[in-house]
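This report concerns only the one structure given below.
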Amino acid sequence: MSMFLDTAKISVQAGRGGDGMVAFRREKYVPNGGPWGGDGGKGGSVIFKVDEGLRTLMDFRYNRKFKAKNGEKGMTKGMHGRGAEDLIVSIPPGTTVRDAETGKVITDMVEDGQEFVVAHGGRGGRGNIRFATPRNPAPEIAENGEPGEERELQLELKILADVGLVGFPSVGKSTILSVVTAAKPKIGAYHFTTIVPNLGMVRTKSGESFAMADLPGLIEGASQGVGLGTQFLRHIERTRVILHVIDMSASEGRDPYEDYLQINKELETYNLRLMERPQIIVANKMDMPEAEENLKEFKEKLAANYDEFDELPQIFPISSLAHQGLENLLEATAELLDQTDEFLLYNEDDMEQEEVYYGFNEEERPFEISRDDDASWVLSGEKLEKLFVMTNMERDESIMKFARQLRGMGVDEALRERGAKDGDIVRIGNFEFEFVD
């Protein structure tokens with residue numbers, strides 16, 4: 001049996017765009033050939049793709065870094081560099097992708113074949129053929145390729161099941177799953193026999209089918225991490241109907257009704273929205289002594305805690321071991337599923353706001369100025385830093401162009417306002433230059 005892994009932290013890095021080329025056309029009979037340097041190719045993106053054949057995040061246990069290839073450099077004769085192929089990373093259905101730094105949900109991937117770009121490849125730098133103007137017909141300017149997007153991601157697998165079996169350990173959840181589906185969960189007469197979720201397909205006599213998950217047993221304090229804690233509570237979130245399994249024989253000395261209240265409390269504490277899901281109470285082990293009396297007492301306590309006009313949850317007495325009462329339970333479950341819509345897993349506050357990768361917010365200041373300990377001025381900011389890394393600092397014309405761009409952004413004026421003097425050191429990353437007033 002393969003090891004079950006339902007969380008992983010990984011890093012992804014898209015490819016850098018290829019550098020543009022500085023070249024000139026030098027051919028016989030072609031005087032003043034002009035610029036001929038082509039653009040660099042686009043860097044490869046990192047794309048997640050859902051593969052329904054995968055069931056866990058085990059592939060990410062040892063392989064935690066994913067890096068796409070860089071685009072090729074531009075070439076002479078105005079030829080563009082080849083764009084790099086995208087890196088396709090397969091993930092199981094039901095995977096939620098979060099930004100590890102902010103915790104925001106980037107995407108929730110559930111459909112087979114669904115794709116999502118988690119890191120965009122950098123744009124290729126422009127060659128000098130792009131910078132020719134009537135005033136400068138032979139520019140020695142070309143851009144470096146844009147760096148690819150890089151980010152840390154948190155992956156969470158929440159299995160795709162229509163129905164979830166919940167309850168205390170050893171109440172018979174795994175036995176129910178093994179009887180009504182072809183799944184073969186581990187079954188034993190001790191607590192926490194089930195330590196990973198098990199999934200099976202149910203088919204009723206009337207022809208209805210649905211996916212059922214047996215989740216590891218919950219105990220008091222599970223929502224705070226006691227026992228197996230929240231490690232597997234996340235798998236209940238995608239279910240539409242909850243089958244609340246209770247040991248009606250009270251074989252371990254617990255009160256069945258107190259068990260019922262305690263499990264609901266844990267579900268509510270973990271995620272209030274779990275209590276929106278309809279529940280069917282499964283009174284298991286009805287073939288045991290005192291089960292009938294306990295069920296009668298359970299119903300009385302349940303009714304006493306509901307208002308007169310509230311609808312009581314359905315209760316189905318069964319014996320999974322003796323295969324009694326299961327058909328009625330499954331038919332009722334299928335009927336309830338038909339009446340229940342899917343629940344919204346995340347609201348807008350959970351989701352990361354989608355942004356245009358190459359765009360900039362007009363309202364945001366394109367740069368920031370700070371003072372270092374050595375009295376030098378430090379320039380930072382996404383737009384400014386992107387212009388810097390795409391500037392070829394080995395060519396004078398490119399440096400002059402970058403200086404004009406800084407002036408156009410208002411950097412010179414802002415430095416003067418902050419008190420910068422002629423000859424002061426200004427730093428962008430590891431690059432230093434003198435401020436000229």
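Just so it is clear, glycine is given a Cβ too, placed from its N, Cα and C backbone atoms.
Quantities reported herein were computed from a predicted structural model and do not represent experimental measurements.
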Matching range for Swiss-Prot feature annotation, region 'Disordered', among 107-126, 127-146, 247-266: 127-146
DSSP three-state assignment (helix, strand or coil) for Ser319 (GTP binding site): strand
Pop the Cα-Cα gap between Ser174 (Mg(2+) binding site) and Lys285 (GTP binding site) into the table, whole Å please. 13
